[in-house]
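Asks: As annotated in TrEMBL:
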| type | residues | note |
| --- | --- | --- |
| SIGNAL | 1-22 | signal peptide |
| DOMAIN | 48-161 | domain 'DOMON' |
| DOMAIN | 165-361 | domain 'Cytochrome b561' |
| BINDING | 205, 238, 270, 306 | heme b binding site |
| TRANSMEM | 206-226 | transmembrane segment |
| TRANSMEM | 233-260 | transmembrane segment |
| TRANSMEM | 272-290 | transmembrane segment |
| TRANSMEM | 302-325 | transmembrane segment |
| TRANSMEM | 337-355 | transmembrane segment |
């Protein structure tokens, strides 16, 4: 699990909280009377409406009260060695459909629902039983954990789901994050630094992908189709523009790989389409070096291959950019920006195609009649 922008599903969930009259949680809010035994806690707003209250005694017992606005579903807090979901252990709480509170430890051995195993994990509890309290449209998860040494820097995972677990089975979260937190100081500078790094990496991946696959590659294809009257300039322009687009697109793939290593996000469709587009692009580069002569008998088949593989790559590149904007929660500015770019390319292609066919029609009308013997 990793730092992410607020998902659309979480926005709808937050709107539901407004409807029921919930107020955003903060450190100024008092704990419910049912948690009066949790005292002397430090408090930090941690993420969205999540508030983390905690204390650590000389026996390395960590007392935690995690709170956030709540309407239904589940709330979880995990402890990870590297900031990733896989291999971490989490405390998850919810209010059941019958009004009975639940809090369970889960071991996150994989990314699928079947790999989230209840009543397992590496967290050691104390004699103080964990509790869940729902009060004034807020949920409070209160628990104590025993560690072998004082807890300082620790990767914390936070997630929220809108579906009430049935038979302790968790459905997929609607929002999540990973935050390195220093329990010795309560500092969040490392968290901000990590968040900024991930944001810049994701932004770099998006910018490179859009410019390489979504701008240069289509322009190179347009030059090849509509500028052949500039012979041989069109060929060199096409080759240079496509090569630049490929290199920038390749840099986007590298940035995407680094981002995936950091986030370990479940973006299977985006990754799969991206790999497919990269393979098609590599095939196009290889085709450039094995291009037969114009007089060759197989030149016609090479042209068919080159044209249709290129069109397929451009189509799936555009699809994947849209998918990437969606799964990355990039925001309205990215959608409008790429939409505008796509509209310009489509309009330019349509206009140039019409001019091309108009020119052909004029040539056909002005061509001299065939002389018959």
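Cβ atoms here come from the backbone N, Cα and C positions, even for glycine.
Nobody curates TrEMBL annotations by hand; they come from automatic prediction.
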Asks: Please determine which of the binding-site residues listed here (205, 238, 270, 306) has the lowest count of neighbouring CB atoms within 10 Å.
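Replies: The binding-site residues 205, 238, 270, 306 were compared, and 306 has the fewest Cβ atoms within 10 Å.
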Asks: Please list the DSSP helix, strand and coil residue counts for the domain 'DOMON' (48-161).
Replies: 3 helix, 67 strand, 44 coil
Asks: Any residues 6+ beyond the ends of the transmembrane segment (272-290) with a Cβ under 8 Å from its own?
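Replies: 213, 217, 239, 242-243, 246, 249-250, 253, 256, 302, 305-306, 309-310, 312-313, 316-317, 319-320, 323-324.
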Asks: Can you work out the mean pLDDT of the predicted model over the domain 'Cytochrome b561' (165-361)?
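Replies: Mean model confidence (pLDDT) across the domain 'Cytochrome b561' (165-361) is 88.
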Asks: Please state how far apart, in Å and to a whole number, the two most distant Cα atoms are among 205, 238, 270, 306, the recorded heme b-binding residues.
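Replies: Between the most distant Cα atoms of the heme b site, 28 Å.
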